[in-house]
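K.L.:
There's a structure below that I have some questions on.
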Amino acid sequence: MRPPETTVPESLDPVAHVHVPTAAEAVAEFMGVPRARGMIHLVAAGVATMAGIALLWSAWDAQRPDAFFAAAVYAVGIVGLFGVSATYHRVQWDSPVAEKWMKRLDHSLIFIFIGACYTPLAMLAMPPQVGTRVLMIVWSGAAAGVALKMLWPSAPRWVGVPLYLLLGYVAILFVEELLDGAGPLAVILLIAGAVLYNIGAILYGARWPNPWPTTFGHHEFFHAFTAVGATCHFVAIWLIVLA
């Protein structure tokens, strides 16, 4: 006679909560990070450096100190963003401490870059009082974001990602001023870049898609969208600086 079968409640069954990795996840874990990790931002850092120098030269040639200062803040922000990201993702870090701080710096530079992007918009394409208010809002938010990433690096993505997006959405409140001061083409480029950034943020949060985990994974899609979005915003800022 067979003994009666016993059923272990799911809450007490350790196997029930074991995550079985997909084939793509298993390959990625075995092979390490994708080979293309950081390459997009490495190329972007080089392009941003040359483009930033050209922007600064043009602003200097126009003999506009305010435009030169705004362009300098923006150039430092975009080169810093892509340069730090490329360094963090491409270097094989032997020191866990150094890698930890580079990761914090990498995430912090996103907030600094957002503030840098707003600087020429607020200084050159908005009335002085409005621009000053925008700079105070955005740079205060950027400082809070840097503090978050430096002091609470393990914060869940649903804390950091919405803060990135909220800072980006500040511009929506000042579309009329931007249309008057920057023109329709610049605003269209700003909107296009914002849409691309948002798509990249969604993919980053979802960790999807991940079609080639050993070569080009979900993080590379995020980097690609940020690079194209930054290109749209660079052209818009170029138009504003040289207006």
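Each residue, glycine too, has its Cβ placed from N, Cα and C.
So TrEMBL says this about it:
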BINDING   His89, His219, His223  Zn(2+) binding site
TRANSMEM  39-60  transmembrane segment
TRANSMEM  67-88  transmembrane segment
TRANSMEM  108-127  transmembrane segment
TRANSMEM  134-152  transmembrane segment
TRANSMEM  158-175  transmembrane segment
TRANSMEM  187-206  transmembrane segment
TRANSMEM  221-242  transmembrane segment
K.L.:
At a C-beta cut-off of under 8 Å, are there same-chain residues at least 6 beyond the transmembrane segment (134-152) that contact it? List them, or none.
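P.N.:
For the transmembrane segment (134-152), the sequence-distant neighbours (Cβ-Cβ under 8 Å, at least 6 residues beyond its ends) are 104, 107-108, 110-112, 114-115, 118-119, 121-123, 126, 159-160, 163-164, 166-167, 170, 174.
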K.L.:
When you check the transmembrane segment (39-60) against the transmembrane segment (221-242), do you get at least 3 Cβ pairs under 8 Å, counting only pairs 6 or more apart in sequence?
P.N.:
yes
K.L.:
Among the binding-site residues His89, His219, His223, whose Cβ has the fewest other Cβ atoms within 10 Å?
P.N.:
His219
K.L.:
Sequence-remote contacts (6 or more beyond its ends) of the transmembrane segment (67-88), Cβ cut-off under 8 Å?
P.N.:
38-39, 41-42, 44-45, 48-49, 52-53, 55-56, 59-60, 99, 102-103, 105-106, 109-110, 112-113, 115-117, 119-120, 123-124, 223, 227, 230, 234, 237, 241-242
K.L.:
Suppose the Zn(2+) site is His89, His219, His223. Which further residues of the same chain have a Cβ inside 8 angstroms of that site's Cβ centroid?
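P.N.:
In sequence order, the nearby non-listed residues are Arg37, Gly38, Ile40, His41, Ser85, Glu220, Phe222.
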